[in-house]
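Here is the structure we will look at, set down as structure tokens.
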Amino acid sequence: MSNFAMSALCRVFTRGAPCGLSSCSSVTGLRDFCSGVSRLDRAGSDSMRTASPVNLTYDVFDGKGDSTPLVFLHGLFGSKSNFHSIAKSLVQRTGRKVLTIDARNHGKSPHSPVLTYDTMTSDLTHLLGQLHIGKCVLIGHSMGGKVAMTTALSQPNLVERLVVVDISPSLTSAHTNFHAYIQAMKEVKIPSDIPRSTARRLAEDQLRKIVKERSVRQFLLTNLEEQNGQYGWRINLESISNHLEDILGFPEFDTTYEGPTLFLGGSSSAYISSDDYPEIQRLFPCADIQYIPDASHWIHADKPLDFISSIITFLQP
């Protein structure tokens, strides 16, 4: 039985890097649910350990303009809905078509035992081909940022511009104890046939022991789903757990992406540090690095207006 388990910017200060590298300063087998929350079945799940692309679920927000579409890629534990309000605003303000996509093992996309940047890039390019999108602006947050970078470096002709949100092309240090989050989610126990509000409260109470920040608990709880009275995590916790080192890492590249690139970090986040600048310059020689004040890792949630303004400014010729 297959399983389904869960932004004005401050002034920019030049760092003296190529192409204006700069930064700003100040600144988510049903069995006995009483013995643990299972990961409910997802139709279309992969049963083979294969690099074959899966058919990703996505939402389209149509704009009236003919400019290159924007494609949003969410982070670990996230889903396409994380960017819905951002997408709607960008459609209104730019006229561009905007897509938000669920990665494999996330949201409503199929489950697979394989979760690497190669496979996630393959999924994305497969979808773009299906939709006859020959070029796009890729905007990826965290894990999605690494998928966006991998795509730009391996298939640059597909990417007109690149926005990488609060992540770098390197090993992600243990800023967050993802292993503990996954284990805490696996250990959540919820009885069947109870109201969703009650189930959510019970799950949050159990997560609170490990996940101290309420905002993070609320984010993880967006993955709690009910089917036929049974509650489970829609993300594939097993695959995420098995591939966490792959997700925290980044593939090696000798190629570069020469297109316009924006690395957008939160000033209160440690995911893009000065230690990462040399590798960013090497792989993305025309990159700008900017920070949004008072924003954490979840920039788009903390400072949505600043986040949107940053993207619109970056899109201007």
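Numbering starts at 1 and runs along the chain as it is shown here.
Any Cβ shown, glycine's included, is placed from N, Cα and C.
These come from Swiss-Prot:
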ACT_SITE  Ser142  active site, charge relay system
ACT_SITE  Glu238  active site, charge relay system
ACT_SITE  His297  active site, charge relay system
DOMAIN    69-304  domain 'AB hydrolase-1'
TRANSIT   1-20  transit peptide
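Positions of the features from Swiss-Prot, shown on the structure.
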{"residue": "Ser142", "record": "active site, charge relay system", "DSSP class": "coil"}
{"residue": "Glu238", "record": "active site, charge relay system", "DSSP class": "helix"}
{"residue": "His297", "record": "active site, charge relay system", "DSSP class": "coil"}
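Of all Cβ atoms in the shown protein chains, 17 besides its own fall within 10 Å of the Cβ of Glu238 (active site, charge relay system). When the neighbouring Cβ atoms lying within 10 Å are counted for each of the active-site residues (Ser142, His297), the highest count belongs to Ser142. Within the model, the domain 'AB hydrolase-1' (69-304) carries an average pLDDT of 96.
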